[in-house]
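A short write-up of the structure that comes next.
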Amino acid sequence: MNSFPWLTTVVVLPIVGGSLILLFPHKGNKVIKWYTICICLMDLLLTAYVFCYHFELDDPLIQLTENYKWINFFDFYWRFGIDGLSLGPILLTGFITTLATLAAQPVTRESQLFYFLMLAMYSGQIGTFSSRDILLFFIMWEFELIPVYLLLSMWGGKKRLYSATKFILYTAGSSVFLLLGIMGMSLYSSTEPTLNFELLTNQSYPLALEIIFYMGFLIAFAVKSPIIPLHTWLPDTHGEAHYSTCMLLAGILLKMGAYGLVRINMELLSRAHSLFCPWLMLLGSIQIIYAASTSLGQRNLKKRIAYSSVSHMGFLILGIGSISDTGLNGAILQIISHGFIGAALFFLAGTSYDRLRLLYLDEMGGMAIPMPKIFTVFTLLSMASLALPGMSGFIAELIVLLGIITSQKYLLITKILITFVTAIGMILTPIYSLSILRQMFYGYKLFNTPNSYFFDSGPRELFISISILIPIISIGIYPDFIFSFSADKVEAILSNFL
Amino acid sequence: MSILITTVGILVLIYSDNYMSHDQGYLRFFAYMTLFNISMLGLVTSSNFIQIYVFWELVGMSSYLLIGFWFTRPIAANACQKAFVTNRVGDFGLLLGILGLYWITGSLEFRDLFQIINNLIYKNEVNLFFVTLFALLLFCGAVAKSAQFPLHVWLPDAMEGPTPISALIHAATMVAAGIFLVARLLPLFIVLPAIMNGIAFIGIITVVLGATLAIAQKDIKKNLAYSTMSQLGYMMLALGMGSYRAALFHLITHAYSKALLFLGSGSIIHSMEAVVGYSPAKSQNMVLMGGLTKHVPITKTCFLVGTLSLCGLPPFACFWSKDEILNDSWLYSPIFAIIACSTAGLTAFYMFRIYLLVFEGYLNVHFLNFNGKKNSSFYSISLWGKKQRCVLPGPLVLGKGPLNALTPTPDMDRTVSRRSEPSSRTALMGEQPNPWNILQPQVAKSRHRGAKPSRRCPGTSLSPRQCPDRYAFRAGRNLPDKEFRYLRTVIVTPPFTGASVVGSPVISAVAPEPASSGFEWHFTPNHNSSADSSTSVGSDLHLVSPKLHPGHG
């Protein structure tokens, strides 16, 4: 049964389905919309089916592997395979992309291209998460940038060209480091390039070289999963992009950086990682504070949410930096949880922007009365974002903190300091997220907008918000579900450090 | 403790059924309330730190939602955020303390944890500095939740919430959660004398600070809030002295007394709203009250009982608990005892200040009435248990009818035209101090925007002869939501009045006082038309209940 190339199907299906869109006659948007959603949904269901029936959770090894020789000349394989680490992000990708496609229904301008790009992005993201060949990883990584660039530059806001250029400069610039690292790693110590992850795991390098590789990968992933000071593309990009794109950016794209950090930096370069991780921890805790306090100063709603997601990604770095079982599990949970929360927040910000046509928070106010449903969902999500117990964010952050405390690597005083600084972030988070609520919804101010009547969210928007809320709350109540994916793999990774 | 929560909770739920019955967010209110009750019960029944923290946060969140219940009010919006953030500062300490103790002992269960800590300290195996630090951080959480000295700032602002909430959350249960936490962790604290002294010190500061601040308040609810703070200080003091039993005893007695006081003040506020307007700055202002004994005798009795109890008079509950605390404080430290005793005197002073300002003397409202209409507001208070006063002769005897006689059905937009019968006032409202189901005859005067002087009808024993054309009565049944209220208006139109006369003046009569709040009212033509349509028919009495959109025209 394993002979069937499930992963290839999952990866290729969206883009093949997407290229068929371009053949569609210009009959209207409706057909294309539903076609795209069907493709996404099929892929999601297919993924779920494969994971249910052909994947064994208690096996820390790579499963569902596929090996096809692609380019004979330098031993390049089309090589897929997943383990517990990539399981969660792949499901998240499917889920968020499906919802983002549903959220993108108001897009009417050149919808064929738009939906094609969404599907292409879907393929690229799943490909990144499931590739087992480091060059294939790189190709998928790059392949997914182009749709983002186009989506940003064609369907963005007023300053879209500026932010698209900034985005492509940052990410493409960082890709250079990624490519250099990959080349160096694969060409080291043999005439034949080794690109397979399995072989690379067992390879050992001189320490200096390992540190150089580590730096290269770190820069590449730091841009993607923004780590300060390389985060500046993110608020611009998120501020300008259409909200369905934002959902994908915040929900999945940022997680690719974190995934890469775990997958390559921790798994392949463990010695350098144990040298670097105190600095990562330091960076992470500074990032939590810095981004949270920057978020307070933003007037633009989307930028504020963008900074909040930068701040939440700090927990991820902390979890990765604390080389402990609990911490890393917490980081993986944070990947999933922030994927939901960030995407949902951007979605709500976008829908309320559609109604208000106001970007700045200080112009808004009193929206609770015309839009009670959005108000309710926004309140719930802000609570989730400020780590209210019972929501997924709380569990993730608590477990990361427990991981720091129980980590055996650090000195006591470092642990105390880092925990202390991180916990200050806990005070700052409600300040900015409740300020958003207060400025947008509370009060009675009349709008100075031309059309002063609003519609509450319709069934489609309500469906999207609720379907994101359900996993947030259910993970918050029963986080073991996510841990069961990753726990074995995490142990396997951490055994490198002992 | 769980008995306390359930009993106070159920009483407050019964009370708020009527208190909030005209609010748009009736359902939302009860959803929040039950959420709060769930998390509070979860808090008191949990046996480990994580569970405590989870419910601790949930309690904070439901408090946030309930303080911000009237979310159109900017003050409430600020207050709820302030409360949440201040509580979050405490949670920060609590979380760090939990993590630190977990690091030391490796356990989150209370029982194991206390044993391990005691063993460690006994064998001197642990750095005492760290244990003290973490215990201090844990205490931080209790300080924020129980509004102790450095983090007390949120409690007075939290009074922006509806009064039942103030009674349940900010007097009886949630603020006691901090005391409860300290009591639960007392086996941990008791081995650290420095922490115990610190707790007692914070307690005594809060006692004095709360009492002195309470003396200077004009707002009745804020006054009670500061009084709560002071009483919580007593409990903290008792805990710091190690008399665990006295603290919990005082917690329970105080919770009942203060809940009674708050519910009484809710009744007073409602009754004042009908007279002075709907702004909290007015209706909760004790300066404007006075002489309410005549009007709200049952509330007065309840309030008096609460006051006496809080002052610590012997037959009442708080006497026994406070006496125990004071007694223990003499054994602990004479200085603290002197302060605590003198503050008990202050307590009596400020509580009776409230009581006397509210219930004795004369009603001060009409001092504000400089338009020559001295009696109207005074007489307009219908009295519970007093004889029925005919407002209008003839068939239109509008008294304090049963609740539903003049209260429109939930679809308030509908214009109810009814001929009111001389009502048999069997409106038995039980213990709920909510007697203001009255018609407040407000002469069709408008204090703003172009009212004709002739529309003013002096005197209160109104009769059609005196006011020939029409009256607009504000049915002054409690309009609880200060901004989303439906104004029920009784417009009496004699048959000869045509529709043409009835346009804007009626509307302006419906309009509330301009200064009643910072809230802007927008009267758009559709209100006009609804009033028009209702009054154009030449019937004797119309009950017009235009649904006023809360500010969005």
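Counting begins at 1 with the first residue displayed.
Glycine too: its Cβ is placed from the backbone N, Cα and C atoms.
Please treat TrEMBL annotations as automatic predictions, because they have not gone through curation.
What you see is a predicted model, and the numbers here were worked out from it, not measured in a lab.
Look at TrEMBL and you will find B:411-422 tagged as compositional bias 'Basic and acidic residues'.
Sequence annotations record features per position, and here TrEMBL assigns compositional bias 'Low complexity' to B:529-539.
Among the features that TrEMBL reports, domain 'NADH-Ubiquinone oxidoreductase (complex I) chain 5 N-terminal' is placed at B:1-30.
Annotated domain 'NADH:quinone oxidoreductase/Mrp antiporter transmembrane' per TrEMBL: B:46-345, in sequence order.
Taken from TrEMBL, the feature region 'Disordered' covers B:408-432 (among others).
Taken from TrEMBL, the feature region 'Disordered' covers B:526-553 (among others).
Per TrEMBL, the feature transmembrane segment maps to B:26-45 (among others).
Residues or ranges marked as transmembrane segment in TrEMBL: B:52-72 (among others).
If you look at the transmembrane segment (B:92-114), the same-chain residues 6 or more away from its ends with a CB under 8 A from one of its CBs are 47-50, 53, 56, 120, 126, 130-131, 133-144, 184-185, 187-188. Taken from TrEMBL, the feature transmembrane segment covers B:92-114 (among others).
Outside the transmembrane segment (B:126-144) by six or more residues, the chain places 56, 86-94, 96-98, 100-101, 104, 117, 120, 150-151, 154, 178-179, 181-182, 185, 188-189, 192, 194-195, 198-199, 202 with a CB less than 8 A from a CB of the stretch. What TrEMBL lists as transmembrane segment is B:126-144 (among others).
As annotated by TrEMBL, transmembrane segment applies to B:164-183 (among others). Sequence-distant neighbours of the transmembrane segment (B:164-183) (same chain, 6+ residues past either end, Cβ-Cβ under 8 Å): 1, 4-5, 8-9, 12, 15-16, 19-20, 33, 36, 40, 43-44, 52, 56, 59, 62-63, 66-67, 69, 90, 138-139, 141-148, 155, 158, 189, 199, 221, 224-225, 228, 232, 235-236, 239, 244, 247-248, 251, 255-256, 258-259, 261-263, 266.
Sequence-distant contacts of the transmembrane segment (B:190-212), counting only residues of its own chain at least 6 positions beyond either end whose CB sits under 8 Å from a CB of the stretch, comprise 117-118, 121, 128, 131-132, 135-136, 139, 143, 147-149, 152, 182, 226-242, 332-333, 336, 339-340, 343, 346-347, 350. Among the features that TrEMBL reports, transmembrane segment is placed at B:190-212 (among others).
The transmembrane segment annotation in TrEMBL covers B:232-252 (among others).
Here TrEMBL flags B:259-278 (among others) as transmembrane segment.
Long-range Cβ contacts of the transmembrane segment (B:298-319) within its own chain (Cβ-Cβ under 8 Å, at least 6 residues beyond either end) map to 227, 231, 250, 253-254, 256-258, 260-261, 263-265, 267-268, 292, 344, 347-348, 351-352, 354-355, 358-359, 384-385, 431, 433, 435. Here TrEMBL flags B:298-319 (among others) as transmembrane segment.
Taken from TrEMBL, the feature transmembrane segment applies to B:331-352 (among others). For the transmembrane segment (B:331-352), same-chain residues at least 6 beyond its ends with a Cβ under 8 Å from one of its own Cβ atoms are 200, 204, 207-208, 211-212, 214-215, 223, 227, 230-231, 234, 237, 241, 307, 310-312, 322, 325.
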Tertiary contacts of the transmembrane segment (B:52-72), as residues 6+ beyond its ends and Cβ separation under 8 Å: 25, 28-29, 32-33, 35-36, 38-40, 42-43, 46, 79-81, 83-84, 87-88, 91, 94-95, 98, 141, 145, 157-158, 160-162, 165, 169-170, 174, 177, 181, 184, 481-484, 519, 550-551
The domain 'NADH-Ubiquinone oxidoreductase (complex I) chain 5 N-terminal' (B:1-30): DSSP-derived helix, strand, coil residue counts: 23 helix, 0 strand, 7 coil
When pLDDT is averaged across the domain 'NADH-Ubiquinone oxidoreductase (complex I) chain 5 N-terminal' (B:1-30), the result is 82
